[in-house]
């Protein structure tokens, strides 16, 4: 990851933004082309420099930076015990509403933080938030360059190479479905990730950059913002049998449905049971309460949503936010008002389930320890500081921590709706246990020798 110095990023333009940031902090409800997007993010950073940071995870095929605005009380650092959250928008370049909403969200969080909104202050102090307004800046520029207000349904969807980025990720669904039948790992399905990604010539540069990002930061929760319908979509996206439409539950189907509803319930259009389909012949039969299982709607191989879940600890859903992919500019404020509360509430879901640390008996963190939940065939692993976050719905669970060379520890946990329950584990190494057993045996032998006068 490369942090962007604003002076290098925008040159002389920064000077004018410095003076404007204090007097005119509102971002107007309009579309932001690439240069305008950069300026908008820098404006947020200038207004809230203590809680904001701009960085890039790489470049698009045409050389545009894949920009991220981070918001945290300690930007630039993973704080042990603090969960990481991300929003990604504009993966399809012609699906533009999500791109603008993340710009508005950044400004909103900054404004509310400065105005003393306790909910937002607590959220930023307890969460490291990453906002990527555009994963496909090349596609957006192509879509936005079309004349007139009505944009073509497909122009700009793919990246500059013609690659559909939401069909371009390694297809881990096929691996997990094989493992379900024949036995095998249920998480982190790509070994030697960096090499496998770098050597895969079929992956677009935008896809590679996001994969490395997912592998570098221990994200817990994410959402991928799209357009073309109005629904919150959850894994699995790809069907088990190859059927076009088939409910494809993941092991975490219960919490995924709850996460999707956490977004849809605050969006009055998405949650409206009387909402007509976006188009006359659309099949919305799988939509209920504004949510749908991905496979039940239509099967998507190589999607980013399932890749997050199967390659890392990150749970991701896909948010379809508008019937029109590139609606008229005068509707953007309405879309913001419809989605503002949903966007904030969904971030708060990162503080559900159980969290804590896995350490050895000397207090040293155990990296890559496995956290398992009885009855859920999907494990997560600890980060470098031994910290972990396991999203769960309210209920009673048996949670286990294990690691090679250590004895497994199992704990019973009562999990409320929120906040997350703190559950720490101390694991005893097998070497220590063997040493204890050897010492106990020697003590017993000594006692027996003295008793029998050997």
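Cβ coordinates come from backbone N, Cα and C, glycine included.
Per Swiss-Prot, the Zn(2+) site holds 92, 95; the candidate it also names there, chosen from 226, 245, 281, is 226. Within the group of recorded positions (95, 320), the Cβ with the highest number of other Cβ atoms inside 10 Å belongs to 95. Within 8 Å of the Cβ centroid of the Zn(2+) site, not counting the listed residues 92, 95, 226, the chain contributes 90, 91, 93, 94, 98, 157, 166, 225, 227, 228, 320, 325. Across all of the domain 'Peptidase M14' (30-350), the predicted model scores a mean pLDDT of 95. Residue 226 (Zn(2+) binding site) is 29 Å away from residue 117 (N-linked glycosylation site) when you measure Cα to Cα. Of the listed binding-site residues 92, 226, the Cβ environment within 10 Å is emptiest of other Cβ atoms at 226. Between the CA atoms of residue 226 (Zn(2+) binding site) and residue 320 (active site, proton donor/acceptor) there is a gap of 5 Å.
Secondary structure from DSSP puts residue 226 (Zn(2+) binding site) in a beta strand. Within 10 Å of the C-beta of residue 368 (N-linked glycosylation site) there are 13 other C-beta atoms, taking all protein chains into account.
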